[in-house]
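What Swiss-Prot annotates here:
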{"type": "ACT_SITE", "residues": "36", "note": "active site"}
{"type": "REGION", "residues": "15-138", "note": "region 'Acyltransferase'"}
{"type": "REGION", "residues": "233-646", "note": "region 'AMP-binding'"}
{"type": "TRANSMEM", "residues": "258-277", "note": "transmembrane segment"}
{"type": "TRANSMEM", "residues": "409-433", "note": "transmembrane segment"}
């Protein structure tokens, strides 16, 4: 009677809905593992699960008065993690056929993300061999009974959903010591909990995700700021988005691919979301690629119009691009204000009241944006991403990192760079954090000063950029930082040590590729290992393809929701080439993407990058990583830049060419370092060429295409 009354009350107030297959709850041995977001969680499960479970409640909570008051509707047993007998009691209950609920986090989330997972829950699952039923509670974190005050827009009676996920099992790990078995089991349960979060992510478009963020964090919450130092709230960003959306319709057609050549600025975010809302597909133009690279991008994506800014072209000294790229129409944002009419203003006002109506009909699987590869190994390729792939990567990042609305991101990597777009714009916008968009990562004195002035807590960049920020920064500039993330190139040991010594900060290294939107793996405070790029993100499958001549590791192939829709190539303009990869049997498998990177996995699942498959030289029958050669050069000459190319050799097949900005670097110095660090002599180049400055791409990576051309030209001249 009492249970029925409370069930009706909660259903009326919170519109509680239970989804998923409930049959798993009736199996012989069941362990239910929900996330923990509010004080309502236990009551919700007791009221709406079709079985009457036993709740494991920590003794510090079970002894409070309100737990005694809940005794008529909730069965619970005290859990003391310091006493093994309480764990054994839970195992016995499961073996007797009672469904048991354990909150693996052990406490209510204070970030909105998963907290750490206690090993005890995992050990109970493994010891009892119970069927694990993951459960996601969504919506209760918005109530006053959560611990997210100030992080979300709380409301009295939000809609609450209880998602039952497909059942799984957790085998008892094999390890000599019980402590190790518990730890491994805990990591396995953590993976299950992360996969559960990914499984219930909403099906929405990028524009809908912006509206959802506004609803979750509040229309008046500041979200974007740029060098004008006028922060935009979600409401103001939406207003700009609708303005741009309305005007873009006059210059493009639904479904058309349009080029965007814009700096890191608040208006750029509005243009991206505005174009997407009205069914246009923004192609982010890499203005550092030069006329040749941009011509390839324009041809591959079949672009007719590029939107840019006169101010941006003036400050960036980029007017030569529209002057030479005459095959497209150039539209300047400054000219659009004059096109606004009374009808347009009325349309914008009406859609501010009902913003969802501004979006043309779209599906999450539809093409949303086009990014371009760097062209470091040939012509730039258009990488077409769907709403689903981009938002999946954001959700993967949110699942493993505890970013909150209290964070402030410093985003200086360009938005045409996948790292800059997903991590630098979409992730902060959709987690309620505020982002400061700065137009150039090369201003090594300015960026640290802005990090200090704007109280930024998250900074990311390439190893090169982070090293230069550290050189010019005051030791106190980064006092608020809690995440420093390196990606896009290998993190140098000297950079890591400099940040540790000067600022007391640990750089977290990650790995990504444009085709994966881009983050594939990353170290986070909860799971980090020196010398690796972290674990593969939840929701992704990974496999290694064996490579002849390479004993350790193989080519990394990936499959998951964040994989691109496909390539657009200049050789076949406008035709989408869906991802497919060759498996170990020599067959092409659709949906898999071959990264071309040689990696290894350790026993804990951490990834180590060995190098690009294309960046291996076969010398006297041995496979030599060009990246290893560059690491030797950096070890011998840490303050200079180095890059390696390959030339043909009559006696050994291939030979190494080292380009360096150190005019005093000798082979003897390289040999000395190689011998000290166990590097084979074959990896020490004989051909060392000095350059005043290495050719680099906009991302800061060496331009290997140009370097290879320099080698080939020299060989031709020599012949």
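Each residue, glycine too, has its Cβ placed from N, Cα and C.
Outside the transmembrane segment (258-277) by six or more residues, the chain places 205-207, 210, 224-228, 230, 232, 237, 240-246, 248, 251-252, 283-285, 287, 297-298, 301, 303-309, 312, 315-316, 318, 321, 328, 333, 358-360, 368-369, 387, 411-412, 414-415, 420, 424-425, 429, 437-439 with a CB less than 8 A from a CB of the stretch. Counting residues per DSSP class in helix, strand and coil order gives 44 helix, 29 strand, 51 coil for the region 'Acyltransferase' (15-138). This prediction places the mean pLDDT of the region 'Acyltransferase' (15-138) at 83.
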